[in-house]
Amino acid sequence: MARKAGSVCKQVSNPESPIRPQVLLRRSNRNLAQSQKMTDEEDESREIQGKILGIRKGADSGNATEATAEDVQSSGKEGLRFAIEGLARMERRLQRATKRQKLKVEETHLTETLDEDEYKPPDEVTTAGWKQRHQNPGVSKQPDRQDRAQRGMFGGEGLDLKDEAPVATEEALDTVKRGAARPPPVNSHYLPLPWRGRLGYACLNTYLRTAKPPVFSSRTCRMASIIDHRYPLADPDQPEHATKNRPDKSKAVDHELGVRFVQNLGLQNAADIVKMIRWNDKYGIKFMRLSSEMFPFASHAEHGYKLAPFASDILAEVGRVAAELGHRLTTHPGQFTQLGSPRKEVIEASVRDLAYHDEMLSLLRLPGQQDRDAVMILHMGGVYGDKAATLDRFRANYAELSPSIKNRLVLENDDVSWSVHDLLPVCEELNIPLVLDYHHHNIIFDPSKCREGTLDISQPEIMERITATWRRKGITQKMHYSEPCPGAVTPRDRRKHSPRVMTLPPCPPDMDLMIEAKDKEQAVFELMRTFKLPGFEKVNDMVPHERFDEPRPVPRVASATKSKKSKTGANVRRKRAVDEEEPAEADDTAVAESDAIKTEAAQVSEVTVTVLEFGMGGPDNRVYWPPGMEEWLKPRKRQSNKSTKSGKRDLEEDDEDTGENMEEAEGI
């Protein structure tokens, strides 16, 4: 022991070598008990730091004395304990502060009812609090708990949530409980039957999307792919391949190649719209929303492009088919298209995006009324702290739009900030139609004017004002309907659309109703089958994992027969009679299996379909899949023999166990 201590002292006395105290990592209950006794008020960091650095307490940095080995070792233990305890305190503070912030965000005012005299808008409350804090600092010297918690999270002098966490937990209301305690919605008993309107879905057809090859209008790419395709292919005479024929970056850059690449994606998307419209018409659907991603990056500041002339012909063909079948087509620009934003770059991008959608609808060359009905649905967007200022910016930016965009633009109430009563006066002022979304109204509404639910929003005085915004511009009115997912309680959960809807809203029976649901066309079929709407008899259930509208070759049988024959020969060689020297007759099991495969192959003959018949549901119109059975759209997954055999063994073992249990239960 003396020898070891001397070596340590020699190391410490060397001024050039760094001091590395020997820390004995031992799991001791005594050390844990001592660390738990340390309170937050103990501030020994300076003393421990001095011990770790080998500086005696009270000595200046200029004439510091060297520490002994025992001091270094003890200070190392204390420093380690202090560091562990400090990290634990930081973690607890961060977790509690984060929890409090989540509770603040998820709080809702739906269960709080204030008198008109007591009510103050959020902006007035904030302004009053600011004036009280800054103009009269003596009135409230202590900042609120939330501000102190935020400063503590980001390293400032914040609130220590360790002592106040139980109080915060008692004061914070449970979000789930608050959501469940919402007043019951006032739903209507009225159903718009007999139905004479058009039902539609948005952008994607689940049945056609899973076909082989898929039919959909949302093929897109990354911006990096556009940049990579500016380089010519390694072999320009051959088609592009993911590994064998990729863009060669050693060649010269050609920007036209990148534009042509993304334009070809748009042409494929537009070509599939024709198939989707004909599919919809076959099953009684006359209304569809076109995808905003049909032409990727068309409105981008750098990679954007005009649709004419390269897409004029294909879009004209889409419009011709839609006009022939009486199909209504609309669009819905994305959530980042906001004309009320205070940022100039957002306004410029929004105007470009609206111009792109307007050009796409104009190139359809629809006849009069169908062209007027091809509208662009837009949300007002964010509030940015002041609804009145946001509306003023929207008015100013709307005035600068082209007449073609103004003729197509309509506003929709959203599920975050803007209710029907916020937008209706603006729509009446600027001559903009208002799209009523029932689901959004059930989340964001004005309790002083209209309760949650479909009955109050469908009162004649409100519906007449909304309908008048459409009638003045000669556009056929449309509405949106969806339902929250089962079990949704919190506001965030209630915003999510359910896979399908169970009923119809109390809209006029001749309304163009857009069903916004996850299962797309299947949600429309669900309503048609539930309420026996026109066309319900055309839709039949799918055969699981089978499609009769896709080409299918004859199954291969030769390889299976050959393998079975070889196994049969082996069985003949292995299986011999007991009393004879010659082999016995072959086992008939393998031969029977081979005959069964041949019979099945004969029944499943080769299927050939034309281009017009592809993806159209086959002769029996089998296009409906029950709720939750989306796996029916794809072929059954293959299972290896090993897994199948193990599954059979498990099943046999379960049967044996079940039999034993039954015998015990019956007293056998």
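Using the three backbone atoms N, Cα and C, a Cβ is placed for every residue, glycine included.
Where the annotation comes from TrEMBL, it is an automatic prediction and has not been curated.
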Annotated range (TrEMBL: region 'Disordered') out of 231-255, 481-505: 481-505
Remote residues contacting the compositional bias 'Basic and acidic residues' (544-553) - C-beta distance under 8 A, at least 6 residues beyond either end: 211-212, 604, 606-609, 613-620, 622, 629, 631-632, 634-636
Secondary structure composition of the region 'Disordered' (481-505) [DSSP: H/G/I, E/B, coil]: 5 helix, 3 strand, 17 coil
Residues of the compositional bias 'Basic and acidic residues' (544-553) by DSSP state, where helix covers H, G and I: 0 helix, 1 strand, 9 coil
